Structure formats: C-alpha cells, structure tokens
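Enquirer: There's a structure below that I have some questions on.
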Amino acid sequence: MLWALWPRWLADKMLPLLGAVLLQKREKRGPLWRHWRRETYPYYDLQVKVLRATNIRGTDLLSKADCYVQLWLPTASPSPAQTRIVANCSDPEWNETFHYQIHGAVKNVLELTLYDKDILGSDQLSLLLFDLRSLKCGQPHKHTFPLNHQDSQELQVEFVLEKSQVPASEVITNGVLVAHPCLRIQGTLRGDGTAPREEYGSRQLQLAVPGAYEKPQLLPLQPPTEPGLPPTFTFHVNPVLSSRLHVELMELLAAVQSGPSAELEAQTSKLGEGGILLSSLPLGQEEQCSVALGEGQEVALSMKVEMSSGDLDLRLGFDLSDGEQEFLDRRKQVVSKALQQVLGLSEALDSGQVPVVAVLGSGGGTRAMSSLYGSLAGLQELGLLDTVTYLSGVSGSTWCISTLYRDPAWSQVALQGPIERAQVHVCSSKMGALSTERLQYYTQELGVRERSGHSVSLIDLWGLLVEYLLYQEENPAKLSDQQEAVRQGQNPYPIYTSVNVRTNLSGEDFAEWCEFTPYEVGFPKYGAYVPTELFGSELFMGRLLQLQPEPRICYLQGMWGSAFATSLDEIFLKTAGSGLSFLEWYRGSVNITDDCQKPQLHNPSRLRTRLLTPQGPFSQAVLDIFTSRFTSAQSFNFTRGLCLHKDYVAGREFVAWKDTHPDAFPNQLTPMRDCLYLVDGGFAINSPFPLALLPQRAVDLILSFDYSLEAPFEVLKMTEKYCLDRGIPFPSIEVGPEDMEEARECYLFAKAEDPRSPIVLHFPLVNRTFRTHLAPGVERQTAEEKAFGDFVINRPDTPYGMMNFTYEPQDFYRLVALSRYNVLNNVETLKCALQLALDRHQARERAGA
C-alpha cells in the first residue's frame, strides 16, 4: 500500500475528511444518482487468519488430501495469496495470517478457495465468497464455513477489521461504479553497474507494477557510449492495489534448437532482482533512483510519479448525454406539430406535454432489415414518423437504421429511394464478396486494425462482409458522423444495440445491454459512457491512455448483427425452445451458507455468503464444448480499472438478489475484466426493449415491430420477465391461445399496475388481410395481384431464412409491401395509442405538478 503517498497527496489537495457515505436501501425504480459525485471514504486494515479445515476429502482415492487455501481480494491486492500445503491430512491446520488494506467505497468480497494439490496440478474442492461488509469494525470475528453438510467438512477463518491510520481518500462515484485517482509512473533507464555483456547474449531489464494496466516491460541495457535516446517505461495503476515497482535483470541467450529447421529458441536467465517502494517517491518530481539487484549489481533509473485525480474521460451517471438532451429539446417541437396534425388538436402541445414514442425493430438478418424499411414507409405515409422520438433496433434492423442515417435528412424525404437502393443490393449476387480483390481488401483492413492494437476476430471479418452486402463498396462512415442527422431534431434519435456476454454463458443467463448512439457508447447498467469517438480507445480507471481511431461503422454493423456468435447450447435453445438439459449435471452447485438469524446479516447491500462446489475438470471440459461461443467481438473495456460501489446491488439493473446470478459475483463483473465481448443483442432479447425502458428516456408509447418467423410474442414475454426481475414498469402481456396459434396484425398492451408503464403496440410479421387486399379497404382483383399477396412467410422453404442474404426482387418487394400494409391497415389503432399516450403523459405531468 502507498502508506506515505496517500497522506501527502491528500494534504496537497487539502481534501476534507468527510467520512464514509452510507447509502440507504431504496426501491429499484431507477438509478441511484443521475450524476457522479466526489465522495470521501475511509480505509480499513483487514487481518485474515486461516485457521484449519476439518474432514476434508481429497480427489485422490489412495491418499488423503494435500490441502492449501488460496485467498483472493482483487479490490485490495493484484494477485492471490495462499497458505502452505499440508500434505496427506484430512484435518489440515495452517494458522497463517494475511493482511489487506481495503477501501470503504467499494464492494470487497473475499474469495477463499480450498485446493487439493497433486502431481499434475491442483484440484479445486470448494470456493467461498464472503462479503466483508458482514464484519464489524473493532470486533474479532471467528467464522466457521460449512463446506459439505453431509460429512461435516468445514473451514475456520478468523477476521479482524480495524480503522486504518491512513487518511480517508476521495473517489468519483455514481453509486454503482467507483473511480479512484490513477497513479502514473514514468521512468528512464539511465545506466547500470552490472558486469559487461556476454559474448553470446544481451542483458535487459524487466519492469513490472502488479495490477498496472501495462504488462511487464522489457528494456534493453545499452552501454553509456551507445547513441540514441535511453529506454523509457510507463505504468498506470490503482494506488490502492500496488505499492512497488519490481525490477529483474535478465540475460537473453540464443540456443540452437535441434532438428532440421535449426530455428533459434530464446532462453532467459534471471541474474538479479530488486524494487522500489512507490510511496518513497515524491509526487510530481523527477527522482534519480539506484536499484540494487543483488551480488553487487545495480541499475540507475530516473522516475517521476504523478497522481491523476481530475475529471474522467468517461461519463459516470445515469442521466442522458448532453447531445441527447439537446436533441430532445429540438425534437419535441417536431413531434408537437406532427401530433397536432395527426390527432387534430386545436393547438400545438407545449414541450412538457409531448409524449415520447419509440419505434423498435427486432432482429432477423436481411428479413428484419427489409421489413423495417416497409414499416417506416408506412409510418411516413400516415404522417406518424415525425411523432417518433427514438428509433432502435437489434441485429438486422440496425443495418436498415444505420443505412438510412447516411442521409442527414432521410425522414424528411420519401423512403421509396432508400428502399429501391436496398433492393438493388439485397437482390444482387453476393459472389463478389469473395473475389480476389475483396479478399485482398479484407486482409489489408484487418491488418490495419490489428496493428492499431485491436484484437481481430471473425466478427471483424463479418463486418467487412456486411459492408459489401449492404453497399458493395467501401463505406468510410463512422457512427459519430450521424450527429449531423440529429443535431436539429430532424430525425428520430438512433439507438443501436449489442450485449456484453461471457464466452461460456448463454445470453439468457447473462447479457449486459450496451447502447451505441451518435454521441455516446455505454452501459446503462453501470452508468458508464464514453464519447462515440473514443469507443475502441484504451481507457483505464476512467482515464484515456491510448487514443485509437474511431472504428468505421461496418465493424459495428458486424457486431450488432453477429447472430453466429453463438454456442451449441444456445443453438438448441433457439431452435428447440430449451437448452441442453443434461448440462445441468455437469455444472457445479451454489449454496448459501449464511446464518440469516444474525442481525448484522440483514444489511440489504450485503451479499450473502455462497459456497461453490465444482464438479471437476472433466465436467468443465464438457461444459466448455457446449457453452463456449464460436466467436465474439473483443473490444477494449472502457470500464476496466473501475470498482463496484459497496451498494451496487441496489442498482436498478442488477439482479444480485438471485444468489446464483453473475450479478452476485462482483469480482467477475465487467469492470474487473480486460475486454468486452460484444455480440448481437438478440442473444438476450430479440428487440431493444431494455434500452427504450430506461427511466431517463421516459418513453410513453413503444411501437414494437417483430420480424421473427416464429413465436410472435416471445420478445414481449421475455421483456416482461426482464422487467419483473428489475422492478421496471411494463404492461401485462396477456395473449389468448387463438392468437398464439395465428397472430393478428397488431396488438395493444396498455394494462399495467404502475401508471409509469409504457403502452406497447406490437406488430408481428404476419400475412393476414394483405393476402386479399391491395391496400386497406381495397381488395385484390387481378390474378397477378392475388398471386403477389398469396404467400406464406414461415413455410419450410421460406426465402426469408436467417442465413439467406439474397432475395429475388418479388420476395423483397413482397416483404416491404407487407410490412408497410400492416402499418397502414392499423392506422386507427395507432392513433388511439397515440391519444392514450398523450392523455397518460399529461395526467402524469399534472400529478407531478
């Protein structure tokens, strides 16, 4: 710990020691804080003494267990610690003590893992997760953790928590995430007092700061007479985690590898090691340091340590971005005039009276893209497109939306032009995507992306293929370019979607919605957003470390529509309606070990103690085969280095009350991970309801266009469950068996217990009256007209399958015409929903006043 550094830094800044801010239990009705705050919290000294375990059964049938305990507290230490190994013993006793310094602002969960050491490695017997908020300051706490009730296996640990002498420190927090000040260490290698270099080798220094953003860095040792600039190094680290710069002197040798290839294999030998206590260095001043490496060897470094405690380069908060708020002010004027005309109002509405309407397009590849063109055309013909504030989509719908927004005035001109251009690309051959010229283009573009530091995946290649499918030429556009299309409020505000997933969990088990807009990219769950121009750049602890060019939109289109980034389990889930049930036998168990009768355990922000018992390496191998994703888009994690707030479980988007949900495992959540794994939002819910339902957007009416071939109400049912888990107002979805058998063109859902619930107008993709009507009220007459309308969308040999990207012209126009017609044919229901949304909005305004 930076024992001396923190008091000096705090003294320089003259921070008031305000003490810890305790957040009270609240209803899960919205974000805790709309904006970030600076808060001051104390430090605590934690002593963990691992005493003993009893009745432990190992994995070796011929001998007793060789036990040791690993302790991991990632909010206080960059690496795990462990006890010694007690060999061949069922009742091992350690009596080993470990010391930590923890910060009062963050959620500190200690992981205690019991291992059985064997020749080839270590077998995990059990894992305990213990929320340190269970401890009372100043009171020793001896805890016996049950590991197996059947044979009385137990682990005994003693905790002592004391108020630290280190002064309290200030953090930036939004009530879910916490940003500590960032420590930057910069240095230059000035020379060394080591022996001369060997004839067949070269010496280099390896420098590392545990927990730093940067990996260990190798610096070549050069003679003082050698020209050129001296080698430099830089590290960024959370000062709560690291206190020391480690220096190792390495000798690099070259050995000839035996075999016909005669390749050279690099070998290194450690000649010495040393380190520098970072707290011994003055802040903001360059310091000359000499590091002893042992046996008379030393190296000279010039170092400067600085603390970054100013504003962040990302936004922590649950309010809308400035760009979106400015858009809303302008868009309300457009919507007000449109509503006056559509509903026949005597005068235009005041800005506070204008209801918020969102159009949501589901996933479905080319089918969804083509259908959304038709739905939007229908809204435009009815004069309803200007009543829409938000336009959002999943997967294929995002392809339609992102193409439209190439024109900053797209909604103000007839959509026939964009539809005709889309038809040209959808109905043309895609063989050119695999031409020699295009393959060279893909190789070149992916090479540029990889050299810029990005982790290139199959989804990046898919993005280049999507670029060809949509435009058949290079598209230089970036998402931030679309700011021009919303600056005056002339179009609805576009919200593109993806979900951050785990590589070995289904989207239904864990998916964090990530929104992409012209102004910001971010996670509403965490209240963390970066400017769109910075997506893909490297941030750590909320600070920009490495600026990268904003990715072209084709890479985002590939991510938004990456339906193939799935696992075998998810394939069965989507095709058969249920996952692979036999996998449950291979999963480990999770049990609650709390004694809920103890009064200190009733803190609503405290996570209950959980015991995880794995099934073994073979079971894990089986799970990996069936649950691992084929691919995902790996992006720099802009939340990396941030910590979870001590009361994060009160956040609206967290379901940590489900003890087995990943939200209840804070050490594994996104801020603790190096990369984001972003995939098609359809893996969670095949329509972007969660982003439209954010309380800060206050959507009154949702026009839901579902372009799936089957289960026309699945997205509504899944959204209903999603909202129920999180306490989000949503109407009751009640559908009769006859509608499940054969859906109608439009459904209005407005019944809800909570008056803040939005109205949902749902349009399944069905061919009902379009089959017999050329237009609303106009029946088909000629054989040609009847043949055009007489088709089954979801027949076994449907041309609208997910993996079909090329349509015949008639199939394309049928789909667009059907989607357009279903909107036009329900104009009265649309007007009724708008009027109801207006009435509810005004009623809420009056109640609020």
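Note: Cβ is positioned from N, Cα and C throughout, glycine not excepted.
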Enquirer: Of the residues ASP60, ASP91, ASP151, only one is listed by Swiss-Prot in the Ca(2+) 2 site with ASP116, ASP118, ASP123. Which is it?
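Expert: Candidate in the recorded Ca(2+) 2 site: ASP60.
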Enquirer: Centre the Cβ atoms of ASP60, ASP116, ASP118, ASP123, go out 8 Å, and tell me which other residues of that chain have a Cβ in range of the Ca(2+) 2 site.
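Expert: Other same-chain residues near the Ca(2+) 2 site: GLY58, THR59, ALA65, ASP66, LYS117, SER122.
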Enquirer: Relative to the Cβ position of ASP116 (Ca(2+) 2 binding site), how many further Cβ atoms are located within 10 Å?
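Expert: There are 20 such Cβ atoms around ASP116 (Ca(2+) 2 binding site).
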Enquirer: Looking only at the domain 'C2' (27-145), what are its DSSP counts of helix, strand and coil residues?
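Expert: Its residues divide into 3 helix, 63 strand, 53 coil.
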Enquirer: Just to confirm: which same-chain residues, 6+ apart in sequence, have a Cβ under 8 Å from the Cβ of ASP66 (Ca(2+) 1 binding site)?
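Expert: Residues satisfying the criterion: GLY58, ILE85, VAL86, ALA87, ASN88, CYS89, ASP116, LYS117, ASP118.
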Enquirer: Between ASP60 (Ca(2+) 2 binding site) and SER395 (active site, nucleophile), how many Å separate their Cα atoms?
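Expert: SER395 (active site, nucleophile) has its Cα 49 Å from the Cα of ASP60 (Ca(2+) 2 binding site).
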Enquirer: If one measures from the C-alpha of SER395 (active site, nucleophile) to the C-alpha of ASP680 (active site, proton acceptor), what distance in angstrom results, rounded to a whole number?
Expert: 6
Enquirer: Of all the recorded positions here, ASP60, ASP118, ASP123, ASP680, which one's CB has the most other CB atoms within 10 A?
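Expert: The residue with the densest Cβ neighbourhood is ASP680.
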